[in-house]
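Notes follow the structure.
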Amino acid sequence: MEKTTNIKEAGMKSLLMKTLKICIGLFITGIGTAMMYLVNWGSAPAATIGDGVHVAFHMSYGVAGILVNVFFLVILVFLDRKLISIGTVLATFFMGIFIDVGVFLIQPFYVDTIPAALKAVILFLGGVITAVGLGYYVGVNFGIGAIDGMSVALNKKFGIPFTVCRWGVDIVLTAAGILLGAAWGAGTIVSVVITGPIMQVVIKHTQKAQQD
């Protein structure tokens, strides 16, 4: 009986730790995304397609984001439903909150009014921070957001390197968003180029740290 209780306690502790790690990764992602958003030089691919749906179908950003996530969640169910877990729920419902928190924390620094050279630095740092956060929460292996899950599912199903899968998904999202009327810019291009490689490194190190 005592042994069973210890096992349950260990399982609960592991569950809470993984949930905490996912939230930390999403928070980091929110900070990076907010930095890019406030520079106002273009959004990440996921935000670009959301903006495109918002423009094309005349609906709010929030509703557009939910519809995009639901669409890709359905695809993810068919590609690899094992990727769907607590992390999927957290990413779907809390990512926007963490981005709002990031905007709240960074907005007082008036990023939109600083010189262009500093904006470029903040844009790049925001892209790096976003990719690190995404890689960390994905590397926890406890569920993935629908859009992030596309790259992982393609990598597992077809053996294509993760970076290539991420590039492909990001390019498709960006192109679809632009065709639907979304705004884009340097931030969009930076995000497409650096997110995949950085995520791959962070995922690898996160998974290795969990095994040690």
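Just so you know, glycine gets a Cβ as well, placed from its N, Cα and C.
Over in TrEMBL, the protein carries these features:
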| type | residues | note |
| --- | --- | --- |
| TRANSMEM | 20-39 | transmembrane segment |
| TRANSMEM | 59-79 | transmembrane segment |
| TRANSMEM | 86-110 | transmembrane segment |
| TRANSMEM | 116-138 | transmembrane segment |
| TRANSMEM | 158-178 | transmembrane segment |
| TRANSMEM | 184-203 | transmembrane segment |
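The listed stretches are 20-39, 86-110, 116-138, 158-178, 184-203; of these, 86-110 has the most Cβ pairs under 8 Å to the transmembrane segment (59-79). Counting C-beta pairs under 8 angstroms (sequence separation of 6 or more), the transmembrane segment (20-39) fails to reach the transmembrane segment (158-178), with fewer than 3 such pairs.
In this chain, the transmembrane segment (158-178) lies apart from the transmembrane segment (116-138): fewer than three C-beta pairs between them fall below 8 angstroms, excluding pairs fewer than 6 positions apart.
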